[in-house]
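Novice: First the structure, then my questions, so here it is.
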């Protein structure tokens, strides 16, 4: 068992149950990592009381990201490049240009942060819902109203933005840098040409003169953006990301709660595993249906940081995109989002419910 302190802590208690582990801190932040089960739980103390953040299994999160990442790459390219007429056109073009590697550009950063982001998201939701129930009904175990669930879900999405915005910028730019560099090189060649002075046939530049990719990896991308654009560059598109995460996570947790109630057998207080799988998958699809319009705007704003800036802000990007490509542009990538969301969120919610029940059992 390995305990990695992120800040000073006076004391800690570590309880292991089977292959899962729960890290409990008295002060500051500590992360307990069970290397045998890859189980991560984040605990922190706030206002003198313990805040537990049960996380879905990191193994499930990493597998979900790795399996769904090629679809995410295709989605980002479809959202930012009008030349693609459909999913298969983008898949074929990406494979012909970059082979399989092109579908996995920027994968390392999402895999590295998925456990922490999941812990933060689900933990914030659980903590906010507990506090709201305690304030409104006098007990943390009281049944929450749908308004309570919606507010807690929105808070969960709001908190995510501060952690995920830099990683989203790096991910999107790595996914699109090949096509963006090609476009920029074409613009430079066309703007530097002289109709009367330059002969019609110009020799092609030597292979050694063609510049390599601007970003060599996720960390290099983050460092380059911070150096060239400052802190604002790392949080470019964060307004659209905030609208995406806030509304989608409110929908995410509310729809899961409603569907769980509908799928709970008579005489039981909670749905069975199949009910959790179905409710989680449907909740993921509904959340992405709400999130996709702002996801398109967010992606375009983040890619817009390379080269000449085209959009002045969220509203300008929204109006310009709709005017040039019609309202359908706001739903580019919706099919891919839904196809990816259903299986991934089935596993996420099963892991979350298991971690939540484990936590409750330890605290009894």
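The backbone N, Cα and C atoms fix where each Cβ goes, glycine too.
What you are looking at is a predicted structure, and each value in this text was computed from that prediction instead of being measured.
Sharing the features that TrEMBL gives for it:
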REGION    178-198  region 'Disordered'
REPEAT    48-131  repeat 'Solcar'
REPEAT    144-262  repeat 'Solcar'
REPEAT    271-358  repeat 'Solcar'
Novice: For the repeat 'Solcar' (271-358), what's the mean pLDDT in this predicted model?
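Specialist: Here the predicted model's pLDDT, averaged over the repeat 'Solcar' (271-358), is 89.
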Novice: With DSSP helix as H/G/I and strand as E/B, how many residues of the repeat 'Solcar' (271-358) fall in helix, strand and coil?
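Specialist: The repeat 'Solcar' (271-358) comes out at 73 helix, 0 strand, 15 coil.
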